[in-house]
Every structure is written in structure tokens, then in C-alpha cells.
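Written out below as C-alpha cells is the structure these notes cover.
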Amino acid sequence: MSRAQLTRTGILRMALGGGGGADPLLPAEGGGDRRAPFLLRALRIAVVVCLYWFTSIAMVFLNKYLLDSPSLRLDAPLFVTFFQCALTAALCLGLSLGAACGPPCAGLPTLRLDPKVSRSVLPLSAVFIGMVTSNNLCLKHVGVAFYNVGRSLTTVFNVLLSYLLLKQTTSLYALLACGVIIGGFWLGVDQEGAEGTLSWTGIFFGILASLCVSLNAIYTKKVLPVVDGSIWRLTFYNNINACVLFFPLMVLLGEFRTLYHFDKLGSPSFWGMMTLGGVFGFAIGYVTGLQIKFTSPLTHNVSGTAKACAQTVLAVIYFEETKSFLWWTSNLMVLGGSFAYTWVKGLEMRKVQEDPNVKSSERNDTGV
């Protein structure tokens, strides 16, 4: 989850890995796809992986533009996040209303706002707004190239919270992988400082984002039964709650005053970029689910690690930055540690599946 991009991906991943109803917008699991010719399956996987990479990387660059572009000069990160949550809720509702139109919308649940369910989802929504807000604030204060390293401690918090909250232990090899990630993180911070581009505000929000991503995964699993395991109902309620919670925060931080004086508030191009960013934010959960369905959770994590590497290289090229050898080493340590952790957990899960006598305490398959 440490490579997932700020947003709603955690909800979909946890639901896919932790039970719940089938998602009508995702391809069904089973033999149909396995019986397809090898070249067709390979082509499907390649298209899905490319779609995931494009959506995820484009979303990060779009959000960076909206949050910290010198040409835009909009200092209202909560409003940007609020707009994306509102658009996600609207898209969920629109897809639900289109359920009568036939495939692929025919299996979508009917969405209606139930105050009782909304209150039950509220604890998750509080964690959710902490996650998306800290992700965006981290991206606002650090460069896109450093963004992956700045939020790289999610895996470490996963292990820590799994032990503190779920009483699940972690193997020595997985802990060693976490040690590599921590080392890469601190080396990256040191190199950002050496280059004069370090933002302690960005580092703070990056660490907070890592913690919130881990908490979001745990709370999602707890809250899913309230919405009958429906990803779309949970996404709908979560984003509706988030919109309500953002209002007092925007008032408190004076963002409505900032918007009043914003010179591009009536610009169609500005709202076009805002809408595009929101659509990509909504789509990332769907394409993540597609990648998991067509490959596996392990392959998805490996793809996410490779995508983070490509995103870093693209950012350095696009922004014409020059980075030191040790800076690149910190990125390689974070990516290598994340890959090693994913690989170790994949091997452990395979062992658990093959040996039914493995103790329940060793079944750390929560994805966190």
C-alpha cells in the first residue's frame, strides 16, 4: 500500500482482499479468463498495467499542478481535496442511477443516504480525510520526485499497527525489509537537506499520510460489514462524510477567503483541470482493482513499486532536476525494501495457503 496514490485505493484493495460482495464493474474471477489464449491474457494484463501506470502517474502530476503550481497560485489544498471527494460521490451516484442502462452498470447497488449508516462510517471517514489531506499536503510541500520517499513509511506503520492493534507478529526477513525502507527514508531526508530542497512540513505530512494509509486499511475492513461489503456504498458514504467534515476545516483555515480572491475562479481551464484531477482520483481505485483481478495482489505491489520508480525518473526529467548519487540510492533503498517486503509476504502467504496447520497469529494477510 505504500505505493498507492493518496486516495481511494485502500478501500478497494482491502475489500478485494478482505471479503465483501463482488464488484460489478470489475471482471469476474474464475476460469473464463484462464481458458483464454495466452496471447489474449498477456495483452489484457499489459493493457491493465499500462492503464494503472498512466492513471496513477497522471493523477500525481495533476494534483501537484493544482496544489503548488506557480502559474495557478492557489493556496487552498483542502478545497482541492474537498472537490475531488464531492466529484467521487457524484460519480458513484451517477453510476448507480445508470444501473438500469444495462452492462456494465446493471449490477451496481442503489445508493441512498442513510444517516444511521453514515454515522457508522464516520470513524473511517475521519481517518480517510486525514489520509487524503496529508497526501495532498505532502505533495504540495515536496517535489514529485521525492513524493514516493516522503510517504514510504506506510509499510513500517503496517507492521507496527498489525502488532499493536491486531497482535500479529512479523517475520525477521520482513522486518529487515522494513529496516531498509527506514534507512532509505532517512537517507532521502538527509540528501534533500543537502540539496537545499528539504521541507520539514512536507516530511511531517508524508509521515502522517503513511500512518493514515495504514489506519485506513484497518478501519475499512472493520466498516465494510456496515455497508454489506459493498465497495461502492462505502466509497459513497465515505466521500459524503468527508465533504461535510471538510467544510468547518476550510472555514477555520480561511480557504473560502482565499477562493474569493482567487483570480482564476471563473476560468474554464481551471475547473477543467480540477474535474480531470477528480476523475483520475476516482479512477485510480477502479484500475487498481482491475490490476489485482487480472494479475494478483503480489504482482500489483510489484507493479506499484516499478511505477513509483518510473514516476520518480519522469519527475526528475520533467522538472529538469539534478540529483546526487546518494539521493538516487535512497530511492533505490525504499523501492528495494518495499519490493523485498512484498516478496517475503507473498512467500509467507503461499506457505499459509499450503499448510492449513499454520497458527492464526501467523496469518498476517490483512494487506496491512
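Keep in mind that glycine also has a Cβ here, set from the backbone N, Cα and C atoms.
Worth saying up front: this structure is predicted, and the values here are computed from it rather than measured.
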Of 145-165, 313-333, the range TrEMBL labels transmembrane segment:
145-165
Is it the case that the transmembrane segment (42-66) and the transmembrane segment (172-189) touch, counting contact as three or more CB pairs under 8 Å in which the residues of each pair are 6 or more positions apart?
no
How about the transmembrane segment (201-219) and the transmembrane segment (78-100): do they have 3 or more C-beta pairs under 8 A, pairs 6 or more apart in sequence?
no
